[in-house]
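**Q** What Swiss-Prot records for this protein is below:
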BINDING   CYS12, CYS96, CYS197  [4Fe-4S] cluster binding site
BINDING   HIS41, HIS74, HIS124, SER225, SER226, ASN227, SER269  dimethylallyl diphosphate binding site
BINDING   HIS41, HIS74, HIS124, THR167, SER225, SER226, ASN227, SER269  (2E)-4-hydroxy-3-methylbut-2-enyl diphosphate binding site
BINDING   HIS41, HIS74, HIS124, SER225, SER226, ASN227, SER269  isopentenyl diphosphate binding site
ACT_SITE  GLU126  active site, proton donor
Amino acid sequence: MNILLANPRGFCAGVDRAISIVELALEIHGAPIYVRHEVVHNRFVVDGLKAKGAVFVEELDEVPDDAIVIFSAHGVSQEVRQEAKRRGLKVFDATCPLVTKVHMQVARASKKGTKAILIGHEGHPEVIGTMGQYDNQDAGIFLVESVEDIAKLPVSSQDDLTFMTQTTLSIDDTSDVIEALKEKYPAIQGPRKNDICYATTNRQQAVRELAKQSQLVLVVGSKNSSNSNRLAELASRMGVPSKLIDGPQDIDPSWLDGVETIGITAGASAPEVLVQSVVEHLKTLGVTGVSNLEGCEENMVFEVPKELRIHEVK
């Protein structure tokens with residue numbers, strides 16, 4: 001029985017940046033540092049930051065006056081930003097720059113009075129933050145998750161209409177939704193390039209290749225990680241059994257019955273240490289060989305805020 005590791009896999013530039021912001025803030029200012037929502041959706045990462053002194057909260061009313069707060073990689077609404085400013089909280093923004101790019105698209109649409117349609121998953125923090133960039137009461141922003149949702153849209157005119165997407169969606173599903181939107185609203189405008197981020201795209205492409213050569217695909221990632229769920233769904237859609245796991249403790253040995261090659265990948269918020277712990281555990285269950293699938297190389301780096309960057313250089 002062999003393991004085939006997907007490439008690329010694991011941390012993306014936005015996740016690296018978000019974790020660095022929390023770690024540098026703790027190093028410079030000391031504990032506690034408050035973080036609004038899990039800075040990235042991974043239990044192992046969050047528990048590690050908690051151990052260093054990060055305090056994770058869901059709302060700003062849980063943050064004491066004069067405290068430091070970090071916004072998670074998923075971004076926040078304008079309302080949350082304004083509340084932090086009103087209270088005089090010191091803020092470090094760990095919003096992924098690619099999410100910020102979508103925020104700017106929504107804010108521009110709001111300012112121009114253009115109706116906006118966001119393709120995304122209801123209730124996901126990124127979607128909540130993105131929807132919260134739109135405040136034009138005379139137009140509106142609407143959320144769709146599927147092709148079926150388009151028929152329910154309360155939008156009759158295609159004039160002054162635009163769309164954007166959550167950054168961690170299924171490429172295939174999103175393509176279908178965009179096609180259906182353009183069919184119903186031929187004049188609808190959208191971004192020149194898909195809003196789905198490079199890391200999501202690359203990891204989904206790697207899983208396509210992985211599934212072709214595996215009888216089981218294990219995706220290392222937490223249950224609340226959107227991009228990790230999409231990887232598991234993609235492998236299943238290709239006819240290969242797939243399991244989303246937080247780590248080796250989640251593996252059921254019965255999954256390996258009749259399997260010759262186990263494909264392993266990791267969501268963009270899952271650290272490589274978890275992948276390696278899964279590999280080592282599988283070796284105790286009969287794996288004898290480990291190889292890497294060829295894939296694209298990622299060199300993207302996002303800088304941390306200037307105040308933290310200056311300290312980092314020193």
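Backbone N, Cα and C atoms are what each Cβ position is placed from, and that goes for glycine too.
Help me picture where these features are in the structure shown.
**A** The number of other Cβ atoms within 10 Å of the Cβ belonging to CYS197 ([4Fe-4S] cluster binding site), over all protein chains shown, comes to 26.
Neighbours of HIS124 (dimethylallyl diphosphate binding site), defined as other CB atoms within 10 A of its CB across all chains, total 18. Look at HIS124 (dimethylallyl diphosphate binding site): DSSP puts it in coil.
Note on ASN227 (dimethylallyl diphosphate binding site): other Cβ atoms within 10 Å of its Cβ, all shown chains, come to 26.
HIS74 (dimethylallyl diphosphate binding site): 28 other CB atoms within 10 A of its CB, across all protein chains.
Cβ-based neighbour count (10 Å, all protein chains) for GLU126 (active site, proton donor) stands at 25.
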**Q** Tell me the Cα distance separating CYS96 ([4Fe-4S] cluster binding site) from GLU126 (active site, proton donor), rounded to the nearest angstrom.
**A** 10
**Q** Need the DSSP three-state call for THR167 ((2E)-4-hydroxy-3-methylbut-2-enyl diphosphate binding site) to compare against my parser.
**A** coil
**Q** What does DSSP say about SER225 (dimethylallyl diphosphate binding site): helix, strand or coil?
**A** coil
**Q** Give me the largest Cα to Cα distance among HIS41, HIS74, HIS124, SER225, SER226, ASN227, SER269, the residues the record lists as binding dimethylallyl diphosphate, in Å as a whole number.
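**A** Maximum Cα-Cα distance: 15 Å.
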**Q** If I take the alpha carbons of CYS197 ([4Fe-4S] cluster binding site) and THR167 ((2E)-4-hydroxy-3-methylbut-2-enyl diphosphate binding site), what is the distance between them in whole Å?
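**A** If we compare the Cα positions of CYS197 ([4Fe-4S] cluster binding site) and THR167 ((2E)-4-hydroxy-3-methylbut-2-enyl diphosphate binding site), the gap is 5 Å.
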**Q** Other Cβ atoms within 10 Å is the metric here; tell me which of the binding-site residues THR167, SER225, SER226, SER269 scores highest.
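**A** Highest number of other Cβ atoms within 10 Å: SER269.
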